Amino acid sequence: AGLKVLVLNVSKDVTHDILITFSPTEGPMMQNVTEEGKRGKIQLPREILQSLSGETVRVVVTVLNIQQLGMFEEVNQTGQVLDNTMVGITVGKTSISRLQDPVQLSFAHEQLPSMSQPSISPPGVTPQCVFWDPSKGQAGGWSSSGCVTRPGDKGTVCSCDHLTFFTLLLNPALDRSTARALMTVATAGCGVAMAFAILTIAFCIFLRCRFRSEETLHINLGLHMNLMGSLLLLNLAFLLNSGLSAGTPLGTCKVLGGFTHYCLLCCFTWMVLEGCHLYLLFVKVLGTYIRHYLAKLCLVGWGFPALVVGVAGIIGSYGEYILQTADHQVIARLCWITSKYLLVHYITNCGYFGLIFLFNMAVFGVVTQKSCCLQGTGAMQQDRKTWRVALVVAGLFCLLGTTWALAFLTHSTSSATILYLFTILNSLQGICIFIWLVVLYYPKTKEATGSLSHIIRHDKTTTASQ
């Protein structure tokens, strides 16, 4: 009941494309049959037949109900298959791929569900043309490689450069009101973050002027100033992007997209430099003097992102990126990495931050463990309040950029709660770092400059005595 097949023997000398219709209930049939109800369409280009040997070629079209058959279910799948229907196409006995003239499948449907139709699940969707890739994961999964999705009001057209089993996956998406609310929260958060970034930089300058003789403190504060400077630029770039990108000339949009990408990479780079510096202070306590240390860090922190963005700009990665809702209404037009070069985004942003996150989490574990050990042995000040230590740990957590890891949980735009958390927490990153600096570095006396400095000095003494 869940499998319907159409077999055709077609002459390879055919002068037109092969047109076939299909429906979830009636299966596939030739287009000249009287159609009732909604039906999808398949257009097979004639070049497929002409490339094969023999006078006639066998064409097999299969329509599957995957729910009845219990097949093709991805692990942790978030999207729904339209009408639980898959369409398989085989021509001849060989695998066909890399078609110059792609096969086109039109999946018929009414207007896709949105927040105005709460009875339909999911509440908001984005269609995606996919096929089943048995090599993906342990048990196979959906892939869109080689397929282009063109949504419409009464159907979605899939253009694919190979033949296999296709379907239309309806991925959960944000509705317009939620997306607008997120944009508002992000814009307000950027303003708050910029204010506290400026305040933090001013506070660091004040401390550097007050304690001129402490070289370690100068380096620490210099690192924090650069990190806050990169956060300030990133928030400024976002505000410029959201305010100026609509109607912006292509050349200006490319520059603005590159600048935004540069600021983001600078933030990530300074986060990992903070982690490296903490590693040197806590693990490599002695013998870590490096000439022009802060200047070299600045060269890496500001120079490496410029190199990456330069290469990405040369290959033409930047341009207009459109954010859309489930019903294809434009939320925002941003100057960013274009959809054509998403691989650049995955490598330079997702992959780069993934490595940084793993390293900084390891450093965070070492620092926290050392702090707890020293507190347990009485090496730290006995009068230090628990809330003060907790604030120091929380601030260190923000300093290393771990809140950015929430981005990995927003792979589906249906994760509205995660998106709100990601937006709010990263807006509060500057505030947390400012509070952390006040708790850690603002001393009552010059001899008690905070728990972190005390731990470092104690660790140096302990190591030297051993």
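Glycine too: its Cβ is placed from the backbone N, Cα and C atoms.
Per TrEMBL, domain 'GAIN-B' is recorded for 17-176.
Taken from TrEMBL, the feature domain 'G-protein coupled receptors family 2 profile 2' applies to 182-441.
Taken from TrEMBL, the feature transmembrane segment covers 181-207 (among others). Residues 174, 217, 221-222, 224-225, 228-229, 231-232, 235-236, 238-239, 242, 331-332, 416, 419-420, 423-424, 426-431, 433-434, 437-438, 441-442 of the same chain, all 6+ positions outside the transmembrane segment (181-207), place their C-beta atoms under 8 angstroms from a C-beta of that stretch.
Annotated transmembrane segment per TrEMBL: 219-239 (among others), in sequence order. Nonlocal intrachain contacts for the transmembrane segment (219-239), taken as residues 6+ away from its ends with a CB within less than 8 angstroms of a stretch CB, comprise 186-187, 190-191, 193-194, 197-198, 200-201, 204-205, 207-208, 256, 259-260, 263-264, 266-267, 269-271, 273-274, 277, 293-294, 297-298, 301-302, 399, 429-430, 433, 437, 441.
Sequence annotations record features per position, and here TrEMBL assigns transmembrane segment to 259-282 (among others).
Sequence annotations record features per position, and here TrEMBL assigns transmembrane segment to 294-315 (among others).
The transmembrane segment annotation in TrEMBL covers 346-368 (among others).
Annotation comment: TrEMBL describes 389-411 (among others) as transmembrane segment.
Sequence annotations record features per position, and here TrEMBL assigns transmembrane segment to 417-442 (among others).
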How about long-range neighbours of the transmembrane segment (259-282): same chain, 6 or more residues beyond its ends, C-beta under 8 Å?
216, 219-220, 223-224, 226-227, 230-231, 233-234, 236-238, 240-241, 288, 297, 300-302, 304-306, 308-309, 312, 318, 335-337, 348-349, 352-353, 356, 359-360, 363-364, 366-367, 370, 396, 399-401, 404, 455-456, 459
